[in-house]
Amino acid sequence: MKAYAMLKIGATGWIEKPRPVCGPNDAIIRPLAVAPCTSDVHTVWEGGIGERHNMVLGHEGCGVVDEVGSEVKSFKVGDRVLVAAITPEWNSVNAQAGYPMHSGGMLGGWKFSNVKDGMFAEYFHVNDAEGNLALMPEGMDLADACMLSDMIPTGFHANELADIQYGVALSFFCAGPVGLMAIAGAALKGAGRIIVVDSRPDIVEIAKAYGATDYIDFKKVSVVDEILKWTNNEGVEKVLISGGGSTILETAIKVLRPGGKIGNVNYFGAGEFLTIPRVEWGVGMAHKAIHGGLMLGGRLRLEKLARLIMTKKLDPSKMITHRFKGFEHIEEALFLMKDKPKDLIKSVVIF
C-alpha cells in the first residue's frame with residue numbers, strides 16, 4: 001500500500017508498505033480524512049522521540065472499517081468510525097489504575113507514528129478496537145471528525161489537568177488548534193476570564209469566538225508584567241499550555257498565583273531539560289502545581305466529545321483554515337504545519 005512516512009530525522013517521503021495485519025481484537029481502517037499535526041513536525045524535524053526509519057506518519061483521522069478481528073463485536077466492515085490519536089490497551093494495569101494513556105509504560109498509549117505506523121496510508125491498524133473506536137454520528141463533517149482524534153481531546157485535557165472551575169481567571173499560552181480547543185473547553189467549564197497569550201492578531205477573533213476575553217501579544221509586551229498588572233499583582237489561578245518552547249514553563253510559573261495549577265499538554269520536542277524559576281516557585285514551596293499529561297483516548301471520550309459537536313455546543317470548523325481533496329495532498333498539508341504561514345491554523349486532507 002502507498003503511505004507517507006518519516007524516512008529519518010529531517011526527511012519524509014512516499015513509500016510502499018505491506019497492508020497491516022488484523023489481530024483478533026483489532027481493526028483495519030481505510031481513512032476517509034486525515035490531518036497533519038505539529039507533533040508530526042516535532043517528531044520529524046526536531047527528532048522529538050528519536051530516530052525512526054520509514055515510519056508512517058499521522059495520528060489524526062477518521063475512516064471506514066475494512067476488517068475486524070474475531071473478538072470485535074461492536075463494529076463491522078463498512079462502519080464509519082472515529083479514532084483517537086491515543087489508543088491504549090484497556091485491559092492493562094495502568095488503565096485499571098486510571099492512566100490508560102500510559103498502558104505498557106510512559107506514553108504507551110501513543111502508538112500511531114511513534115511505536116507503529118500511523119494513519120497517512122491507504123490502511124491503518126487500530127489495536128483494542130472495542131475500546132479505541134467510536135461510531136461516527138450520521139451527518140458529521142469529516143474534517144470535524146478528524147479534530148476529535150487529537151485537537152479537541154488534548155485541548156480539553158489541559159482543562160482537566162488544571163482543574164478549571166466556574167469563574168476562575170486563567171492565562172492560556174499558544175492559541176494554535178489545540179489551544180483554541182483548550183479555550184473552548186475552559187469556556188464550557190465556566191472560566192470567568194481567559195487571557196490568551198500569542199503573537200498572531202489574526203487568531204484573536206477566532207479565540208474570542210471560542211471564549212477568550214483578553215489577548216496579549218508576547219512579541220510586543222512583557223507577558224509577566226501585563227498579567228500581573230491585570231490581576232493586581234496576584235497572578236492567575238490557572239495556566240494552560242499547548243505550545244511554545246522550553247522557556248514557556250518559566251513564564252507560566254511567574255504569572256501563576258500561589259495555590260494555582262498549570263495544565264500542560266505541550267509536546268516539548270527539543271532540549272534535555274525544562275527549567276523552573278526558583279524564586280517565583282516559592283523556593284519550592286509556593287503550592288504552584290505543574291500537571292502535564294497525555295490525553296486518555298478511548299471510545300467513551302470520543303462519543304462524549306462528538307455529542308458536543310452534534311448538539312452545536314462546539315464548532316471545530318472555525319479553526320480549519322486549509323482543506324485539501326485527495327490523498328496525494330498529505331505532503332502539502334504537512335509542510336503547511338511545518339512552515340506555519342500566517343493564515344494557517346489547521347489543515348485537513350479529505351480523501
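Just so you know, glycine gets a Cβ as well, placed from its N, Cα and C.
Swiss-Prot annotations:
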BINDING   CYS37, HIS59, GLU60, ASP150  Zn(2+) binding site
BINDING   ALA175, GLY176, PRO177, VAL178, ASP198, SER199, ARG200, VAL265, ASN266, TYR267, LYS340  NADP(+) binding site
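What surrounds the Zn(2+) site, by Cβ distance within 8 Å of the Cβ centroid and not counting CYS37, HIS59, GLU60, ASP150, is the set ALA35, PRO36, SER39, ASP40, GLY58, GLY61, ALA85, PHE112, SER149, MET151 from the same chain. Considering only the binding-site residues CYS37, HIS59, GLU60, the residue whose Cα is spatially closest to the Cα of LYS340 (NADP(+) binding site) is CYS37. For ASN266 (NADP(+) binding site) paired with ASP150 (Zn(2+) binding site), the C-alpha to C-alpha distance reads 12 Å. PRO177 (NADP(+) binding site) sits 15 Å from HIS59 (Zn(2+) binding site), taking the Cα positions as reference. Cα-Cα distance from HIS59 (Zn(2+) binding site) to ALA175 (NADP(+) binding site): 20 Å (rounded to the nearest whole number).
The Cβ of ASP198 has fewer other Cβ atoms within 10 Å than any other of the binding-site residues GLU60, ASP198. Taken residue by residue with DSSP, PRO177 (NADP(+) binding site) is part of a helix. A gap of 19 Å separates the Cα atoms of CYS37 (Zn(2+) binding site) and ARG200 (NADP(+) binding site).
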